[in-house]
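Report on the following structure.
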Amino acid sequence: MKTPIEVKILDSRIGSQFPLPAYATPGSAGMDLRAMLETSIQVAPGETILIPTGISIHVADSSLAAVILPRSGLGHKHGIVLGNLVGLIDSDYQGPLMVSCWNRGSEPFTLEIGDRLAQLVFVPVVQAEFKLVDEFDNSSRGEGGFGHSGTK
């Protein structure tokens with residue numbers, strides 16, 4: 001069963017020239033988001049540009065959130081990743097989805113109208129409440145971190 005999520009189309013080319021984000025395969029975790037630009041743009045090495053996706057969503061369910069993640073091929077082949085590394089969309093956010101596009105590569109990258117730029121993944125959320133303690137119960141790891149377990 002799929003969870004219904006409200007979506008607004010902010011760019012009329014979505015649904016006519018470009019499809020609404022959807023899962024590419026039955027096993028896909030993410031839906032591709034497109035660069036809904038007015039014209040193609042070149043992203044210089046080291047440059048970060050905010051790109052509209054042409055949609056807004058309202059998750060509405062506080063047990064869910066959406067995350068915007070980079071597409072693996074763009075990052076590996078061209079150095080195109082997210083400027084904020086991960087975009088977190090809270091369940092009560094209703095504004096436009098934007099992608100912070102960062103060229104961490106050494107060559108300029110041209111982004112065309114409608115290019116698939118990032119992916120949208122829905123994840124479960126647990127809202128925690130802190131419980132103040134003076135000491136933690138012992139664990140096998142304790143305070144070990146940052147390389148504590150080695151690489152082999």
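Heads up, residue numbers simply count up from 1 along the chain you see.
Note: Cβ is positioned from N, Cα and C throughout, glycine not excepted.
Source: prediction; values computed, not measured.
Residue environment of SER72 (substrate binding site) contains 10 other Cβ atoms, counted within 10 Å of its Cβ in all protein chains. Marked as substrate binding site by Swiss-Prot on the basis of sequence analysis: ARG71, SER72, GLY73, ASN84, LEU88, ILE89, ASP90, MET98.
For the substrate site, whose annotated binding residues are ARG71, SER72, GLY73, ASN84, LEU88, ILE89, ASP90, MET98, the maximal Cα to Cα separation is 26 Å. Remark: of the binding-site residues LEU88, ILE89, the most isolated position is LEU88 (fewest other Cβ atoms within 10 Å of its Cβ). DSSP gives ASN84 (substrate binding site) a coil state; it is part of no helix or strand.
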